[in-house]
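Colleague: Below is one structure. I have some questions about it.
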Amino acid sequence: MDRKNCKIGVFDSGLGGVTVLKRLLKDLPYEEYIYYGDSGNAPYGSGKTKEEIQNLCTKIMDFLIENNCKVVVIACNTATVAALEYLKENYSIPIIGIIDSGAKIAIQNSSLKKVAVFSTEFTANSNAYKNTIQRYDKDFEVTQIACIEFCPMIEKGWETFDNNQEILEKYINKIPNNVDALVLGCTHYPIIGNYIKKKFNKIILDPAVGISFELKRLLENLNILNDNKIKKKPVFFTTGELDKFKPTAEKFLGEEIEIYRIPK
């Protein structure tokens, strides 16, 4: 089979990577996508070791390769931190993570060189954003804020929680006043992006913008960009509950999705 016609695999610990997929569908509409949301094993960012995350990601990679993927996008900051290099060592197909994209857009958009990063506990404790941003520009100040409650609340349905505004304000209040940009360093967080914008009126950055550009460049360089001008709907797989995943994903994407539940 011509590799140009093979699929692009996108995976996350749950719903979050749908925010990345939405951007990819906009910028690369003629690629065929498979999305794997590991909601049955979520969250990745709290209570799991690096090795546990690597094992989960290995299972996902095997599934995506079996389903004829030519490239895999890790649409999960925590999985990128824990498993990107490990997966690159163990698989021959190209794999793209999201941290580097987030770091680059932070540098491009913060004129004061002072940014905050909302992320999972695992990502914050790893100093991944701070280290990556400062590798490109050592003068940057990076405040990493672990938003422990966000992912479970988004997975279960943000609007169903009466205290969601109180929780959001708790983390917004941790952002230093001198910061001029906030990186949403977990792909779940753009799902509640409109709520965050109401509380934080400075620059809000979504790393999905950068990962879309990076994927396009990779496909072009490898000469595997799909040149069929036919749009195909992505197919979704989740290890979680369909009645939780499906409505949130459909609301964010603005269309009905084809989704299947698989064992976790």
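From the backbone N, Cα and C atoms, a Cβ is placed for every residue, glycine too.
Here the structure is a predicted model, which means the values were calculated and not measured.
In case it's useful when we look at the structure, here is the feature table from TrEMBL:
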BINDING   ASP12, SER13, TYR44, GLY45, ASN77, THR78, THR187, HIS188  substrate binding site
ACT_SITE  CYS76  active site, proton donor/acceptor
ACT_SITE  CYS186  active site, proton donor/acceptor
Colleague: Test of understanding: give the count of other CB atoms lying within 10 angstroms of the CB of CYS76 (active site, proton donor/acceptor).
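Modeller: Its Cβ has 34 other Cβ atoms within 10 Å.
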Colleague: Compute the mean position of the Cβ atoms of ASP12, SER13, TYR44, GLY45, ASN77, THR78, THR187, HIS188, which form the recorded substrate site, and then list in sequence order the other residues of that chain whose Cβ is within 8 Å of it.
Modeller: GLY14, GLY16, GLY17, ALA42, PRO43, CYS76, ALA79, THR120, THR123, CYS151, CYS186
Colleague: Near HIS188 (substrate binding site), which residues of its own chain have a C-beta under 8 A away, given they sit six or more steps off in sequence?
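Modeller: ASP12, GLY14, LEU15, GLY16, THR19, PHE150, CYS151, ILE154, GLU155 - these are the non-local Cβ neighbours of HIS188 (substrate binding site), listed in sequence order.
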Colleague: Any idea what the Cα distance is from TYR44 (substrate binding site) over to CYS186 (active site, proton donor/acceptor), rounded to a whole Å?
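Modeller: Spelling it out, the Cα of TYR44 (substrate binding site) and the Cα of CYS186 (active site, proton donor/acceptor) are 11 Å apart.
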Colleague: Widest Cα span across the substrate binders ASP12, SER13, TYR44, GLY45, ASN77, THR78, THR187, HIS188, in Å?
Modeller: 12
Colleague: Going along the chain, which residues six or more apart from THR78 (substrate binding site) have their CB under 8 A from its CB?
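Modeller: Set apart from THR78 (substrate binding site) by at least 6 residues yet with Cβ under 8 Å, we have SER13, PRO43, TYR44, GLY45, ILE53, SER119, THR120, PHE122, THR123, CYS186.
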Colleague: I'm trying to understand the geometry here, so how far is the Cα atom of CYS76 (active site, proton donor/acceptor) from the Cα atom of THR187 (substrate binding site), in Å to the nearest whole number?
Modeller: 6
Colleague: What's the number of neighbouring CB atoms sitting within 10 A of the CB on GLY45 (substrate binding site)?
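Modeller: GLY45 (substrate binding site) is surrounded by 30 other Cβ atoms within 10 Å.
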Colleague: Within 10 Å of the Cβ of CYS186 (active site, proton donor/acceptor), how many other Cβ atoms can you find? Include all protein chains, please.
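Modeller: There are 33 such Cβ atoms around CYS186 (active site, proton donor/acceptor).
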Colleague: Applying a 10 Å Cβ distance cut-off over all chains shown, what neighbour count does ASN77 (substrate binding site) have?
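Modeller: Excluding its own Cβ, ASN77 (substrate binding site) sees 34 Cβ atoms within 10 Å.
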Colleague: Sorted by position, what residues of the same chain at least six away from THR187 (substrate binding site) have a C-beta under 8 A from it?
Modeller: ASP12, GLY16, GLY17, VAL18, THR19, VAL20, ALA75, CYS76, ASN77, ILE98, PRO207, ALA208
